[in-house]
Structures are given as C-alpha cells and as structure tokens.
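What follows is a set of notes on a single structure, which appears directly below.
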Amino acid sequence: MIATVWRVAGVGFSLLLVLIAALLYGDSASQHAFLNSQIGEVTIGFAVRTDDLTVLLLAVVGVVATCVQIYSLGYLHERAASYHALVTLFTAAMAAVVVADSLFLLLIGWEVMGACSYLLISHYWERREARSGAVKAFLMTRLADVGFLFGIFVLGVGAGTFRISALDPAQIDPGVLTTGTLLLLVGVVGKSAQVPLQTWLPDAMPGPSPVSALIHAATMVAAGVFLIARLYDVFAASATTMTVLAIVACVTMLYAALCAAAAVEVKRVLAWSTVSQLAIMFAALSLGTHEGRHAALFHLVTHAAFKGLLFLCAGVLLHQVGSAAFVVLRRYTRRGRLRKALPVTFVTMTIGLAALAGVPGFAGFFSKDSVLEAAWEHAHGGSVVGWFVLVSVGLTAGLTAFYCMRLWLWVFFRTPALAGAVGAFEADDPMADLEDPDTSKLKDASWLMLAPLVLLALGAIALGYVDGLHLNWVVALASTVVVIFGVLPAYSLWSRGADPRPVLLEREFGVDRAYHALFVVPVRWLSKLSVLGDRDVVGAYVRAVGRSGALASQGFRLLQTGNVQTYLTAAVVGVVALAVLAGVIAS
Amino acid sequence: MTTALFAVAAVVAVVSAVLVVTSRRIVHAALWLVVTLGAVAGCFGALHAEFVALVQILVYVGAIVVLVLFALMLTKAPTNPLPTLTTARSPFAAAVAGVLALLLGTGVVIAFGKEKIKPVPAGDAETVGTAIFKTWVLPFEVLSVLLLAALIGAIALSQRKSGES
Amino acid sequence: MITVANDDFAAGVLLAILALPVLAALALWALPVQLGERLAALYGAVVSGLVLVGSLLLWTPANGWIAYVSGGETLAPGEQVKPLHGVTDVPWIPSLGVRFHVGVDSISVPLIVLTALLTFLCCVYSLKITPRIGRMRSLVALLLVIEAGVIGAFSAMDLVLFFVCFEIVLIPMWLIIDIWGDDHDAPGRKRAATTFVLMTVFGSALMLLGFLLVFRQAGTFDLVQLTNSPVLDGHGVPLAAALLIAVGLAVKVPLWPLHIWLPDAHAKAPTVGSVILAGVLLKLGTYGLIRILVPVLPDATVTIAPYLGGFSTVAIIAGSLACLGQTDVKRLIAYSSVGHMGFIGLGIATLSPAGMKGALFANIAHGIITGLLFFLAGAIKDRHDTSDLATIGRALYARLPRIAALLTFACLASLGLPGLAGFWGEMLVLLGAYDPADSLPRATYLVFMVLAGLGTVLTAAYFLRLVRKLCQGDPAEHPAGAFAVDLSRIELITWTPLITLTVLLGVWPGLLLHQWGSL
Amino acid sequence: MTLTWTDWQAIAVPLVLAIGAVAVLLIDAFWRSSPAQLRHTVVTLLTGAVILFGLVFVWAQRDDFKPAFCRPAVEGPAECSLVFEPLTAGLWGVLLLGGLGVVGLSAYRLLAADIPVGEYHFLLLSALVGATTLAGARDLATVVIALEVVSLPSFALVALRRDRRGSEAAMKAFLVSVLSTAVMLFGISYLYGVTGSLYLTTIANRLTGLDPSMQRVAFAAGLFVIVGFAFKIAAVPFHGWLPDTYAGAPVEVTAFLAVVSKSAGVAGLLVLVITGLAPDGSDLRLVVAILAAVTMTVGNLAALRQREAVRLLAWSSIGQVGFLLAPLAVGDAQAVVGYLAAYVVVTLGAFGAVAVVQRHRPSGLLADYRGMVRSEPGLAVALIFFLVVLAGLPPGLAGLFTKFAAFQAVIDAHLGWLAIVMALNVMIGLAVYLRWIAELFRLPADDPFAVDIETPAVAMISLFAAAAVVVSILPSTLFALAT
Amino acid sequence: MPLVLPLLLAVVLFCLGVYGVLARRNAVTILMSLELMLNAVNLNLIAFDAWRLDGLATGQTLAVFVITLAAAEIGLGLAIVLLLFRGHGHVDADAARDLAEADEREESPT
C-alpha cells in the first residue's frame, strides 16, 4: 500500500519535473528569494531561479528520473516503498540543486543527494560490498563537501552574498576568487568522482542498477558539471582554477578509461566510463570558453541518455541473469543464448555502447566532437590547456572505443577461438559455477523495464542532432579514426580469446589500497588511541584523583590509632611546624 | 640577693622537674613534683609575689599533690620502678620538646635579653585581692562556676551507676 | 545593552512555570505510594505539558538578543536593542548582594521551550515505557525538579541565582542515574553518577569563584547591569574570573579534556535520564558561556577565546575518533555529544555573530536530535536488554525496520546533513570560524575551521559505522527476537515532535535565527 | 568596683543559666522520690525554659551595645571584660539554640537511662554559661576561664554514662584539652609580657607598635592562643581526639560537643581574631587560613571512607570547621555566624536522626540506613535534607549560601589559594554525604529500618527540618544574626 | 635580676612538661607533667608582672586564677582517670584504644 503510494508519487514527481521544465521553457531568467535570515553582514536563506540551464537540467533530470522510476516498477519488488521514496527525494534534491540561486539551497540539495545515494547504494544492505560501498561513497563525497562548504564561505563572505545570481567575479578579490573556486572544485571533484576522489564511484555499483543509472546519468555526478556551468563566470575568472580543473580532468579521463578497460563487470566498466566521460565534460569546461561550456552541457545531455540507457541495460542483465559479471554472463554467451534471449536489451545496449564509444551518427559522437572542436579552437588560440585537453580527449576517445567494443563483444558474442569456454574470466571468480546454467527460462524483461530502454535508446541517437549539425570535418574524421583505432585491438584480442589485463590496471593503480593505508588505517589507529587516551590518560587522572582520595582517607584512618599520645604528639609537632611555617612565609 | 635566691630555687626546680618526668617510680615522681612546686613557689617569693607563693604552696602542695597521691593509690600504682613508664616514643618526644625549648628560648632571649626586674615588693595579699575584686570580677565569678561544675562533674563521675555494686 | 520591558503577564507565566514543577513534584511525593506510582507518568505529562504551554506563551517574536561588547567596541554596529521581558526582580539575600531576578529574552526562550518539550516527551514516554525497577513516582518528581532547575538557570538574571539553579539539577540527576540506571552494572552506574556529580560540582565551585571575582570587580551579581556595563580589561582579576567561569562551565559543556564524566553518565542513565542529560543539561554550560562569560567579561573572553576554540576543536576531533572506537550504542551517542558540544564551544569562541548564532542554533538542534537518538538507543536497549553493539547484533533493518529507519534518520540529522536541523548550527559555527571577531587571531581560527570540517567527516564516519553495525547486515545471521516489537504507538507519539522539529528547523532555520535578531 | 545596671544586663543570660543550672541540680537531688519520667520531664522543661529565657533576652536586646565590667584605661577606650553587641547577640543566639536543641534531643526516652538526669542538665547549662561568657569576653583571663567552663563540663558529660568507652573518650578529650589550655595560657603569659595587658582592645592597640624581636614573641604567643582554640574546635592537626571522643560518647553528648562546644570554640576564636589579636594582614590570619585549608581537606578526606554514621559525622564536622575557619581567617564575622547557625541546625538534625537509628541499631553502621527512604520516609527525607545542607547543594540552600558567604569573604580578602582548596573540598564533601544518601536510597535491605520513633524525637527532628527549610528559603535570616 | 632568668626557667619547665605529656604512659603522670606546664605559665606571669609593675597586679591575679583552674582540672581529671581505671583496669593513656578506627573488625559496644 505504502509502496504503491510512493511508486505513484515517484513517477508523478519525475513527470512533474518534466512538466515544469516544459512550462519554464522560454521564460526569461528570474530569481526569487525566501526565508532569509540576516547573520551579521551576510544573509542566510534560500533562493530559486530559472534560466536556460535550469530548464535544460530539469528536463534531463525529469526524463531520466521518469525512466528510472518506471523501470524500477519492474525491476524492484522488495523494500519498494523506501526505494521509491528515496529515489524521489534524490530527484528532488537534484532539482533543488538545479533551481537553486542560493548557495545554501544548492548545498542542501548537493548533500541530500549524497545521503540519498548512500541510502540507495546500501539498498541491498545484506550485502557486504553494498554496505562498504555506500559508506565509502558518503564519506568521500562528504570530505569533498567540506571543501565545498568552505568554498561557499570564501566566495560568499568575499562577495558579501550567498546568492548565485549576485556573485560578480569582478567584485571579488582575485585571491579570494581563486581560493573559493578551488575549494568549490574540491567538492565538485568529490561529487563527480574525479581524481583523486574517484574510488567511491566504482564501489557504489552494488546498488540497484536503476539507481546507478540515476546517479550516473542525471543526478549526483552530473551535479558537479552543472555547478561549474552554473558558476561559469566565477570559475572562468580564475585561470589557476581552470588550469587545475583541466589537469584533473585530463588525468581522470585517461585514468578512468584505463581502469574501465580492465574491469570485468559490466557495471564497473560503465562506472569508470562515467568518470571518464565526466572528465571530458570538465575538460571542456576547463577551456573557459563559451564553446567549452556549451560542449560540456551538450555532452552532459547526451551522456545522460546513453549512460542511463547502459545502466538500465546492465540492470536488465542483473535482473534477468542475476549478475553483470563477465564471468557469469559468459556462461550464457558461450552458448550464444544471451543475445537471443534478450533481443531488446541487446539492441538498446548496442546503441548505448555505440553512443558511448562515439561511433559516428550516435549522440555521443556529436557531443564528443563538439568538445574536441572547442578544444581545437582554444588550442588554436594558443592555449596550452587547449592542446592538452585536445590530446587527452582524443586518447580517451580511443580507449573508450576499446572498452566499449570489449564489453560488447565479450558479453554478447561467443568467441570462436575459445570454443565455448568462458574466456579469460574464470580466474575472477574461482568459486563460480562453470557448468552451463539453465538458460531455458532466460527471457527479456517486462515491458515496464524495456520501455525506458527504448526511449533512452532513441535519445542516445536523436539527441546528437538537436543541437544542429555543425561538424568540423577534420576533427570529426580524426575522432572517427581514433575510434577505429580503439575498436580494432579490442576485436583482435576478443577474436583470439585473450583479455590481457595488466595488474596495475586491474588494481586500478593501487589507489584504493593506498588510500586505505594512508587514511583509513591511521584513522583507525587514532580512534583506538583516542579511546585508550580517554580511558588511560584522561580517565586515569580522574580515577587517580578518586583513588588517591580513597587512599588518603585510608591513611587518615590508619593514623587514628586510638592512642591519645600520638594525637598529642601530632598536635605539638603541628604547633612547632606552624610556627616555623609562618616564620618562613613571613620572612 | 633575690637573684641568687631565685637561681637556687630555679636549679632545684629544674632538677626535680627532670626527675618528675623521668623517674621510673610513679610515687617518686609525685614526690619530686612536690619539690618542683615548692621550688617554683620559692621563685615566686624571689620575685616578690608572696601571696601567689603562698597560694601555690597551699593549693598545690597542700591539695593537688595529695589528690594525686590518692589517685595513685586508688589506681593501685606500683611503688617499684617500672621500665614501661615512658613510651617508646620518648626520644622523639624529647626531640620535639627540645626544638620547642630552643625556639622559645631563643625568642625570649632575643626579646627580653636586656630587661631587668626592679626588686620592688608589690605582691602582698592586699594588692592581689584588690585587683581581683576591683578589676577581675567577671573571671573570678566565672571561675566559681568552673569550680562548681568541676566538682559536680567529678562527683557525678565518681558515683557508681545505679545497679552497679 | 539589555533593556527591560515591563510585562506582568510574561512575568507571571515565567514564575508559574518555575514554581509549578517544583510544587507538583512535592505534591507527587506527598501522594500515597500506590496511587503515586500509578498516576505518576500521567501526572508528570499533564504538569510538564502545562509548563510547555507556558513556555510557548513566553515566545514572543518581539524579543531579541543581548549585545555583547568586545574591546570596548560593539561587535555588531547598528543592531537593535532587544528587551528582556517577564522580569521579576526582588531582593533575596541583601547581605550577600543576591537578588531573585529572572527574566527571559530570545536566547533563553528557545532553550526553555526545548527543556519543557523534552521533559514533556519524557513524561509521555514514561506513560507506557518505564524502567525495570519502577519507582515511577520519584522518577517523575525528579524529572520535574530538574525541569524547574534548568528553566530557572535559563531565566536567571543574577549570577548567584544561575549558580543555584545550575546546582539544583545535580542531585536529582545523580539519583536518576544511580537508581534507575543500567540494571546490569550497579557499581558502574554508581561510579558514573558520582563522577558526574563530583566533576560538575567542582566545576561549579570554580565558576562560583569566578562569579565572586566578578562581584569584587563590579560590585553586583546582576546580569542586566553587568551586561550593560561589563567588566573590561583582559588581564589580572577579570582574566582569572573568566578562566574560572570558563573552566567551570566547560565541565558541564563538557569540553575536552573535562568530558570524561559524560560517556559513562549517559551510557548508564535510563532512557529519560539520557535524554534530559544530553538534551537539556549540557546546554546549561554553553548557555552560561553565552549569557555570562561573553557579555560580562568581554575583554578577558577575547584573551581566552582562542584556547576555548582550540579545546573545542580538539573535542570535535577526539570525540569523533573516540566514537569510531565505541562498542556500545549509548556510549557512542554520548561521545558524539562531546563532538557536537565542541562545535558549540568553537562557535562561542569565534565571538562573531555567525558563530554565536550557530552555537545557539546548534544548542537547540543538538537537544532535539540527541534527544531523539537517546530515545532510539533506549528503545533498542530495552528490546535487547543490552546496549552492546555486538550483542544486539546487526540487521535491525530486518528486525525492527521502523526503529532502524528512524535511527538512520537521526544519525543523518546528527551528522549535520544539510536540510536537517543539525546542519545550520555547525555551518554557522564554521562560518564564524572563517570570519571570527576582529580582535581574534584569524589564522588560528582558520586552522580550527579546517580541523572542525574534518571533524564533520569523522562524525559522518562513526554514524555510518553505527548504522552499518546495527541496522544493516545479513538478517539470516541475526534472526529476530521473539519479543522484538517494532515501533510502538507511544514511541511514535513521543518521537514525532522531535522528528518534525528536526526537519522543520532544517528547512526553515529562520524560525530560530529570526529570534536572535539582526546582528 | 560596683556593678552597674548595664553590667547586670550584659551578664543576665549567663547568670540566669548558672542559676538555672544550680536549680536543676537541686531539684534533681532533692526530688529523688518522684517517678523518673516526671523528674526527667520537669528537668528538661526547666532547662529548656532557662535557655529559652536567654534566647528571648538576646532577641529583645539584639541591637544593643553594652560594654560591661569596664575600667577606664590609661590610653584608648575603656577596657571591658565583657561586651554585649550585635555580634555577641548572634553568637549567643546560635549557642543557645544549639543548647536548646541538645536539651530537646535529651528528652525522656531519648537520653540513655544510665545517665543521671540532674547532673546531665546541670553540666549542660554550666557549659552554656561558659560558652555565652566566652562569646562576649573581651579579656584573656575571662576568655581562658570561660573556655574551661565550656570544656570541663563537656568531658564530664562525655563520661557521664560511666562506661568503658565513655571514660576513654573523656580521657582523650580531657588530656588534649588540658594540654591546649596550658599552651594557650603560656601564650597568654607572653602576650601579657609583651603588651602588659589582658584586655583584647588594649593588646590590639599595643601590638601595632612593637619592635621586631618583640613582634616575634607576640606572634608565637598569638599562635599559642590560637592553637589552644584549634585544639578545642579540633582543627587539624589538633583533631585526633575528636573522632574517638564522638564515637565513645552518648549520641546526645556528641551532638552537644559538635554543636555547643564547637560553636563556643569558634565564637572565642572569632572574638580573638576580630578584636585585634590577629589584625588584618597579620601572619596569624595566615596561620588560621592554613589551618582552615588543612582542616577541611583532612576532615573531608578522612570522612570519605567511614562506615559508621557517627564517625562520618565526626570527620565531616572537622571538615565543616575547616570551612568555618576560612571566613574566620579573614575576620568576616557575618559569614562565620551565618555558617555556624546553619551548621548548628542541621548538625542537630543529623544527630537527632542518628540517635534514633542508633537507639535501635547500636552498631551505628551506614549500612543500617539502607532502604530507609521506603521504610521510614519521613526520617529519611529529613536526614537527606540535613546532609544536603551540610554538603551545600540545592535544595540545601542554607548550606549553599553559607558556603557562598565563606567563599565571598575569602575572595574579598584575596586568598585565592584558599578559595581553590575550598572548591576542591566542596567536591570531596559532597562525595562524603552522597555515600550516605545513596545508602538511604538503596533498595530495601532484608530488614529495613522501621521503628516507632519516639514522639519527642519526631518533634525535634521535624523542628530542625522546618528550621533548615526556612533558612534555606530565606538565607538572609542567617546573615541577619550578626549585623 | 635579669628578666630572662625566670623566663628561661619557664621555658625549661614548660618543655619538660611537654616531654612528660608526650612520653609518660601513666595518665596520672601525664597530669603531673601538665602541672609543670601550668607552673611555667605562672612563672612567666609573675616575672612579667614584676617587670611591668602596672599597679594592677594583673599577672599575679591571673596566676592565682591559673592555680585555681589547675585545681579544678586536676579534680575532674582524676575523676576521669579513676573512671578509666574502673573500666580498663589500668591507667595507661596509650593503651586505651577501644575507640581507634575499626579497620576491618567490628567495634564491640560495651
């Protein structure tokens, strides 16, 4: 009953968002503030605004959320009430971020998303990896949010206002501006899982797939991109921040793409690819040009479509097969069953992967191309950053094509070379049952789940054309070549039945382990130290006071011997002592 | 003259006082106390306080020491020397007393070392009597309450409990 | 400046809510034992409900904030002077210069309402859920006495009266811990109660010394006069007075390293005791700092503020780290109070409008949220007869889904999630630390701010650890107990106001912030 | 010398008490034939009436200033042996109230049967004569003799049951007291030598102009005098006799020692300090301050582990004396008298309660009080209130404010270290009393204490409790005693 | 005559008395030692009186008072000592220890 209410509410709310976006479309930008309180010289309160960016993001969020909500109706049955409620809250929080004109309202949405993602990731709280992944996600984003909060302080106090529309970079001291934006960037990096705060996102995969779709496509991680787009004037005013952003983005996109190339679980590959794609958007933003911003937002929109699609497809795999690990999926695939049993999923996922890989004609191709174009333009302007971004995005495009192809082939196609073997993935799960699964009951998911897939697949193709076709043919050609260069090795490896995964990549460069040793272990030690310190140092003093009191008491009892002459002696000694003492003090 | 008299009495007083606190026979100690008190009375005399000297002899030697001797008898004090009459703490007690004497003696010598007493007779019964009844009426009256209370108290304590044989 | 507004009605209400609980407690003790035991909770609920109504009557939007002065200059220029109302001012002990002077302004009223609310909820809770040992008559009576004492302290406008009210609560609280505390650990609860009362008494004795030094300097104990013409000069006697007062109040707050009484006292106390202790009593310390230390000894406060801030920051970090290592749910929540009170201390130490308001806000928020947390911990403890995490086992989501969900909610609120009440106070405190009063060393405060910010992460870490250890987990390994009943009606009724307020204050902080005027 | 009307008025109270004492003794001695109850009641009522008369008299003249037994001095104001002034009125009020309380606690069925009634009341009144005289005395001869008049009857009272414990207790108290008298007299002799007078005002005048070597002697002399009083009020390290004597004496007599005898000592010391023996800033005040600090610390610490009620009260009374000495060390008479008054009321109450329990449970252990809140709620609540007042915590506001006044006096005199020690002792003292209170609140023991409490005991304890409540609500009454 | 002579004698007697009080075991001998101390007081008083010659005979008067006081004390003291003897069978001051702090044993009421 309650679950039904929340289901309806969830779908309704996300449709409402779409409706609002539609209503607001074309309205002139405006702001409205409410519930303000004056604290000293600054005002703390809430404000909302509407402009193109709001409308765009609201639409994206609304559509993706609608797809996810509807999809979830079919996907999820246990604990549906809390699930749908949280997804709705999640969407609402993202909507708050999108419409916020007050940094505090933005922060509320920003962090409520973190909390919702925590709760949703740990939806399957029976599973160990879900629990730890959720905690990790929350803590890492929380850590970044501290920087974000401080950034708000710095900018807000520096500008004398916490209203986004009132932040004028010209009015802010350059040093303050750089500090503030850098601190905000910390929050962005955390939320969008960029290097060095990237490790939480892949570990968040134990959450339900629709949630992953939501997180990766429209909310949470996209919020970082949105934020910089929203505060683009402020960010662009600080060259230092933009350079840092460029470096972070470039490192991240390559790093994540490499990690994705070695991941052996569909959702994990997709997660790393999100990190990588977000980095591309950041790279575009870091150009500091209008084209860059436009390209980033364009890529954000197309990415929302195809990444949402991909995660929902992965969800179908999980739902119908039970796992999205390569090793499991291969057991179906080696008999060629998977593709045939799940035709719609196969087709839509192929579209999604193509879009992700940047195959010409699909949305991803166009948006990535616009990023490359922007970078190219900028590089021509003599910017080192532009060159840097251009080269990185190019390399990433190749890697993306590689891992998309790898995923597609290994999951859906039997390898002639392996003659029905699972492939290179047995080692991943020695306990896995390598017997043939019962494939007779395998069938495609219900229409509730497939309808969003189809919708998003259409989006993944069509969204590439909404911005109008203005391709720079040189860049487009180059990127196509890069894609081909990425695809070919994947095909070649697959056809030979080999999947070489360097240890370094498989361990994702050891970052996780290093963080564990650098942060988690010391904190555990410190916590132990703190507990012991309280017990054995501070507490010991208190106990020692008590014990010495008791001891003294016992001592005075022992002195009370009952012998009156002892008392008299003590008294006379006391007289002499007092005389001497007072003499000493007086002199 | 008075100085010499005083010196003799003082020496006697000190020697006998030492014996009072060191004698191993209790009864001897009591008798040495008589000597000390007498010698102190002599000192009073030498300081021209004849009335006080007289009272000292009457009250102390005549009454108090007799009381003490009675008490010794009643408490069945042995007449033979007792090795345990002083406690084991006596060296310490001696040290404490010694330090005290040193402190007080030094202080007294420094403060009064140069002063002399003029030998003027001013201690007859009339002087003291007048002082008591002209100036010190209140303490005198209170003293009478004290004597009465002490007397009644002593009697009450000495009575056997009713029912006690 | 404090000005005084004549308001006989408010004065009457204030006196009534001061006197009513005490008289009601005496009357309850006068009842026959059997009748008293049966009626106690209902009686307590009615009385404290009346007090709650009275305290709400005192809540008028017109009243404001005491100005405090630092280094001779007003920190916030151009602010409005807001009056004290509900004033009763009669001589009490003329020879000592002590007056019975009570009144409320907007600093006191929210705290008084909080006190009344929590006491009311404790009484309502006790209607159905009672400690195993029973003796409800005395428990309710003691709760009412504590309520009166705390309201008295929050409305006292005389240093000595404040001191007296500060002490009134000690013996009742000691009894509550000692008699109704953890029934598995009699020596432990005795020790906890005694440590609590002795440390607090020592602290308050030092505070009294500070008051007397103030008296020697200013010749009055009257807070209105003292606030209007504070004891200036940050060295010598005023500094000594400020130190003594600060240390005395710091025991109560409690500030690291004087917090050692708190975990035991909270952990061993019965549910209602923990709620009152954490929700109300701790506020006395921070209220005292704001009401007395800052306005009366402004210069000396500036001198000691960096140290106060430093210890508060240490409290935030050390408290959070200690929480990470706790194995007992009540102890963990208790330690979390150390961290949260550290935030409040830091806010006061900034001496800035934002920090102060943050401290005041965090005071209220902590009372509400920690009250809720202790209610929840008590509920879990009652159901499992232990508060040890390992013994309770995991997967409460499966066994007690509603309570576990509420626990998660309360944890999120307590860790300062924006949108819930816990956020605004801590945010304002950090903002205050970013921009402290001009007379304070800003670089030092920036370090405090960063450390406190890291403290929020640690706070999140231990609360998530709690949720993970308690709520989540494989239900197969931790089957539901036979008598484990999920959220009962009385619990729902008792906790609803707290939950509502947590959300309400989270989305509308202005509700309280407006109270404290435009500073 | 002729006694003037003023002189008679000034000594009226001690005089009436003395006459009353003799009358009581005579009635008891010559009316042996009457039944014990009647005799006891008559004696009690008569004693009470005498003391009550004293109280009424003091109340009527509380604002007067009456120097008595004066002689014109060579220099300065007239030298008087006794002065009745508001301070005296306050001290007398406290002493007489204490005496009255003890008389009430010694009513028929309360006082042990083997104590001779007439002698008991005679000695009690005699001691009161000494106590009142002491509080008004302004010359050293009167001081020392009055002090003896307080002490000697007290020792007789201690041993009045004439048993083994009583005699030992009396012996200890006696020996210590006599030594203290000797020491004090020795000091007085030096004071006389240095200043040539026994009148306190004259001594105070002449002490100021002494050369250094004389000053040293004067200091030693003053020290000896103060030490004499310190013995009497059992300041540490002159306290050894007190716990033993309290434990050995009948409970009523212990109450007397704790209330009247101790108050008299404090009163005497107060008179000495404020009339100029230890003027402001003198080392003697420092000595008293040191004594105060040591006394309260040792007393409270030793009380911490006591298992017997009387012994706990004994040690705690040492601690309380420490708190009394603190304002005394700075010459704040108002604080001292206020503290004394509160102390007297609640100590009487506590001893009254202890006496009730001890009569039925002679072992006197704290464990006997277990569960009393349920079995004897009235008595338990009263006892808790007394203890809370002694600890100085609300609701015992009388104790709180008298401690407060002590703190204020000490702070005003810039004795910061003493104030810190006092703060520490507030904590230790609280620990002491809480132990006892905790026993009362324990769940009922196997055989909880439940008896028919004797009517006079109920009346007296209720009276003390009522008084304690009144002074808790209106603490200003306490401080009005000596203004 | 030098004033210090009687004063030093008094000091010596006083300290001998102190020694006696502290070191002697028998209660009666302790009382005797106390008498020595009181005599030292009297010596002081008389000496100062003779030195001061204030015409009031203050010292002598007080000396007489002290002698009387000593008599009262010794009277009551001996009564107490006798009572002690009746109860304990001896008069050793340091052996009467019934009232010492009972460490672990229960005190036995008589």
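Yeah, the Cβs are placed from backbone N, Cα and C, and that goes for glycine too.
All annotation found in TrEMBL is predicted automatically rather than curated by experts.
Record features (TrEMBL):
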- A:38-79: domain 'NADH-Ubiquinone oxidoreductase (complex I) chain 5 N-terminal' (DOMAIN)
- A:53-73: transmembrane segment (TRANSMEM)
- A:80-98: transmembrane segment (TRANSMEM)
- A:100-381: domain 'NADH:quinone oxidoreductase/Mrp antiporter transmembrane' (DOMAIN)
- A:104-125: transmembrane segment (TRANSMEM)
- A:172-190: transmembrane segment (TRANSMEM)
- A:211-229: transmembrane segment (TRANSMEM)
- A:235-257: transmembrane segment (TRANSMEM)
- A:308-329: transmembrane segment (TRANSMEM)
- A:341-364: transmembrane segment (TRANSMEM)
- A:407-425: transmembrane segment (TRANSMEM)
- A:445-466: transmembrane segment (TRANSMEM)
- A:473-494: transmembrane segment (TRANSMEM)
- A:567-586: transmembrane segment (TRANSMEM)
Feature contact check the transmembrane segment (A:341-364) with the transmembrane segment (A:211-229), CB under 8 Å, 3 or more pairs | no
Folded-back contacts onto the transmembrane segment (A:172-190), same chain, C-beta under 8 angstroms, at least six residues removed | 110, 140-145, 147-152, 154-155, 158-159, 196-197, 224, 227-228, 231, 234-235, 237-238, 240-241, 244-245, 248, 282
Mean of the pLDDT scores, which run from 0 to 100, over the domain 'NADH-Ubiquinone oxidoreductase (complex I) chain 5 N-terminal' (A:38-79) = 85
Give me the stretch from A:80-98, A:341-364, A:567-586 with the greatest number of Cβ pairs under 8 Å to the transmembrane segment (A:308-329).
-> A:341-364
List, by number or range, the same-chain residues at least 6 past the transmembrane segment (A:567-586) whose CB is under 8 A from its CB atoms?
-> 559
For the domain 'NADH-Ubiquinone oxidoreductase (complex I) chain 5 N-terminal' (A:38-79), what does DSSP give as the number of helix, strand and coil residues?
-> 24 helix, 11 strand, 7 coil
Cβ under 8 Å to the transmembrane segment (A:80-98), counting only same-chain residues 6 or more beyond its ends: which ones?
-> 2-3, 5-7, 9-10, 13-14, 17, 53-54, 57-58, 61, 65, 68-69, 72, 105-106, 108-110, 112-113, 116-117, 119-120, 123, 208, 210-211, 214, 218-220, 222-223, 226-227
Surrounding residues of the transmembrane segment (A:341-364) on its own chain - C-beta under 8 Å, 6+ positions past either end = 273, 277, 299, 302-303, 305-307, 309-310, 313, 316-317, 320, 332, 397, 400-401, 404-405, 407-408, 412, 439, 442-445, 450, 453-454, 456-457, 459-464, 476, 479-480, 483, 486-487
Long-range environment of the transmembrane segment (A:473-494) - Cβ separation under 8 angstroms, sequence gap at least 6 = 357-360, 365, 368-369, 372-373, 376, 394-395, 397-406, 409-410, 413, 415, 500
